[in-house]
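Feature annotations, reproduced from TrEMBL:
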COMPBIAS  256-265  compositional bias 'Basic and acidic residues'
COMPBIAS  311-322  compositional bias 'Basic residues'
COMPBIAS  329-377  compositional bias 'Basic and acidic residues'
DOMAIN    25-130  domain 'WAC'
DOMAIN    406-469  domain 'DDT'
REGION    256-377  region 'Disordered'
Amino acid sequence: MPLYENKPLAPPPELNLDPSKHGKKQIWVIPYSNEVFVNYRDYLNRIAFYKKSQWQCAVTGKQGLTYEEAIENEKKHREQLKKFPRGLKQQILQMVQFSTDRLDVLANQIFDKYNEEFTIGEYVTIKNEREGKKRSKGKIIDVKTSVAPVEGSKGKSSKTKRSVSTAQTTIYRVQMLDKQGNSVQQVAKNGSHKNLIRTFNGGENLSRNKLAFNKTLIRLFIKQSTTKDTYLHAPWVVKEDLAKKYKVITKLPDDLKKAKDEAREKSRKRKGKAIQGGPSKKTKVSKGANTRIRGDDDQKGVKKGTASATRGKRTSASKKQSKSTISKEQAKKAAEKKRQKEREKKKRETERKKEKERKAKEREVQKRLKAEQKRAKYPTEDLDVPLDRNLPSKRPHIVLDFKIPQKYIGTFLMTWNFFTVFGKPLGISFLTLDDLELSFYHNIIQPRCTLVIEMHAALLNAIIRDRLQSKSKKRQPIPRVAPALRDQINGPDDMDVDDRKSVLASREVLERFAKTWDKRVISSKDLRKGWECVLIGCLYQMGTYETIPNVDRILSHLAPIDSFSASEEDFEGYFATLEVADKLQIMEFLINNVAKTTLIHEHIEGCVSRQTELNKEKNEIAKERKQIANSLAEIDKTNINVTRGKGKDRSDVDESIVSRKRNLEEEEVALQKREENVDREKRRYALPRTNPMGRDRFYNKYYYFDEVGLVVNERYGAGRILVQSPSSRELADVLTETGRQKYNKRRKIEESIGSEEAQWGYYEDPEQVDDLLKWFNEKGQRELLLKKEIISRLSDIKSGMVKRMQDIVASRKSAEVRRSRRTQATKALLSQQPYMKWFNKFAK
């Protein structure tokens, strides 16, 4: 029955669904709970209660279901449990009983152990080796275990003694079945018919239905057959009726019983503290009340004392008696003071002893800690590793001279990574990180920078196509009045004309472009003519202060107040003279909008499906390589046996073995190449998120981008290892106050990346990478993993760095040759730059 708030709902009373029992009354029935209601409001309330998504499946524990969904889920999994092999239930329950492992770990252990063990009465599938992939069915009728001796020699010489061990094998007798499930019969020599029975040594050629025995079913079987307490590391306990049925031991071991008692004692103490802490305030109040009552009694006593004193003045006997009582009280006070001093003296002595014992314990603890530090186990926390004299004391110098401002390097790298991964569906060819960096600084109209034009045209076309293909109504242009435009409408009269031109934008131009920018895509036939006008219209209609912080300043630069009669070349010149930060903000805005289009979503789905296909292919290659390895091992064994034999046939056998081994080795080499191609193909279809290779002792992240998308088949993409320093927020989450002091001290000694937050740098020289690997200390956890990761990619990293440096040197030499010729112009020099030679092969 489904659970509500982790408790089973009280079962409904047995109701008769016969309408005649209710007479002519109108009734309402809930079919999946078998409840009948005479009152319609009660029926609706019950239906609403059952439709809450707060029910839980009692078999699987799945939550967030309705009552009907929970019932269907229970029926489905109970039907699956009926197929569970009965012969394995006893062994599995004995293995589960009193185990403290997690459910998934326990299921994995059981599956690995009993996956190839079968029981009597179980239906199996038989693999026929002679017939290739054809398979037949059968039913196990008998299972026996046999023990066979296995000889093994001790020592290298032939005269040494041989040790004899035993190996246990399982023999299965299987009744063969036809496709209809009937037993297959064979005709004997005497003409009688007998059932066809085959014998198998082990379960290698046998397999069961995967729906009858898998990890999911094992978890369901354990959940249904056991109970578990709520305290930490509580064991799984088989239910009493199943334990009796399958003869499972029910007595709890002593160590588990002790842990259970300790857990109960801790919970009892917590409950006791909670009970004591509750009424403490009430006791204080009652004490206060008692003190007030006692105070009243004292006042009454004082009054009584004064009355008796007045009466005592009248008699002399009462005076003598009062003097004697006063002397006794003084003696009592003196004795009490003496005892108080003695108690304080003893208390001080005990405190001194405790302080001495505490200091002695602290000394022992410090000695033990120092001894443990001497024999510390590595790898450990990187900052706890002492400085090694054999390693370089300072980290290799890191290059920080990005042309892009440090604040926008993250946006810059995101832009390049986006074009690298989604370049093909967008219609953009491969471009290097250096080309992209230089293109942002291109600030003249002639010669035109094809890379800048094609990037913006591709992003704008993706947005326009998505808007044209959407069936919903087009988004109406939002009338937005920037602060500069407000000044234009209600601006001060004393503003200078030059200042007005430098600050304000032309509202007429912006509204004109906003109406026409998404009517058609930017064509490549006319060299993307009018792309800057489309960009201005898109920014004006879709841009907000949240997506583009400097949107007003950018629009006032792209469409100044005197641009009503400007030409397309003028608008292209306005864009070229924008600041690099503004260009990066525009690029980030366009990429964020393109990422929401169906074009990108379909490409991601295609990449995911392609990745699954490649993973399957890689698994098949691994299986084939395993088979080849087994075959080579068998050949080695047979070769040993042949060398012991004698005769003429020995040479023929040797030749056949050698030829077979050569063929297998060639197949292994071909599989290795095929696996490398699969890995390269997987990198081409990788998703845009790029994870760091690791962190060093100062929590700096190391990135290598030349491994995904269009970069895979190219010479290099970034050609560098990029390093990002941690921010103060990241360090606050990782380090304590003492850890921060140690961090700053080590950082000053070993010269980390710098004091600026989230600062970016890079290594571009292969020799620097070698020095960096020497600087890493393998005793630290983070640097050990980082060093292994860099070494695994070291050949690709160094080859990319070398090719990038060669291209940079070649471009500098050509520039120097051009400068020596005085007849060549500056524009010709600029056109020879690598980013100006970029050509779009995928233009749409």
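The backbone N, Cα and C atoms fix where each Cβ goes, and this holds for glycine too.
Given the structure is predicted, the values throughout are model-derived calculations rather than measurements.
The DSSP breakdown of the domain 'DDT' (406-469), given as helix, strand and coil counts, is 48 helix, 0 strand, 16 coil.
For the compositional bias 'Basic and acidic residues' (256-265), the list of distant contacts is 98, 100, 229, 231-235: same-chain residues at least six beyond its ends, Cβ to Cβ under 8 Å. Helix, strand and coil content of the compositional bias 'Basic and acidic residues' (329-377), in residues and according to DSSP, is 46 helix, 0 strand, 3 coil. According to DSSP, the secondary structure content of the compositional bias 'Basic and acidic residues' (256-265) in residues is 10 helix, 0 strand, 0 coil.
Residue counts for the domain 'WAC' (25-130) under DSSP (helix as H, G, I; strand as E, B; rest coil) come to 50 helix, 14 strand, 42 coil. The average pLDDT computed over the domain 'DDT' (406-469) stands at 92.
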